[in-house]
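Taken straight from Swiss-Prot:
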type	residues	note
SIGNAL	1-25	signal peptide
TOPO_DOM	26-223	topological domain 'Extracellular'
DOMAIN	80-173	domain 'Ig-like'
DISULFID	101-157	disulfide bond
TRANSMEM	224-244	transmembrane segment
TOPO_DOM	245-259	topological domain 'Cytoplasmic'
């Protein structure tokens, strides 16, 4: 046993001794040392978080010396997430309304490069795709002129690239249509008297129920008008007194002359 162990140790030492000689023979060929490759040296993120977007990349030739040469800039399409969630809308029966599936990136490329498909889950707000049925529309818009209660539901818009039918966007629209007599969505009519005064520019203290007072500029105008009225009344009284005294003095002197 001891003899076998000694032999194993001696062979290991001999292998270690010849290892540098083996490594010396593994030289990199001169052709590979001069090789040049194209590498992406800079890249931006996608311009949108969902749907079709764009990213920018800079690609350069890099050699063994690490110097960048012949760099090119390119703008590429990208899709981080093609499902874009839901938008909610509440309208009143009889109103005109439109759903729009377009985005700035689609408009930049041109809507003719895309295919638009709509599906509808009538009468319910949901993203469960099993509830949707085909809806006859192949444009990026759905218009309601006017909208009726049976138009309520969830509309799903799918956008595909025509060149390869790749899905690049899915957007849900939750549409609620209320009866005209159920609720009044008129902002002005829903305000209290104090809120209407505030909306017109009055200053109202809603905490203690104090009477509303005019804004600063209106208070200045009111004060100026008040001062003018008071000054006019006082001036009129003084003029009346002066005239009365003048008339009284003339009558007295005439009487004394007659005497």
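Each Cβ is built from the backbone N, Cα and C atoms, and glycine gets one as well.
The Cβ of residue 157 (disulfide bond) lies under 8 Å from the Cβ of 99, 101, 116, 117, 118, 140, 169, 170, 171, 172, 173, each of these being in the same chain and 6 or more residues away along the sequence. Across all of the topological domain 'Cytoplasmic' (245-259), the predicted model scores a mean pLDDT of 50.
For residue 101 (disulfide bond), other Cβ atoms within 10 Å of its Cβ number 26.
In terms of DSSP secondary structure, the domain 'Ig-like' (80-173) contains 15 helix, 46 strand, 33 coil.
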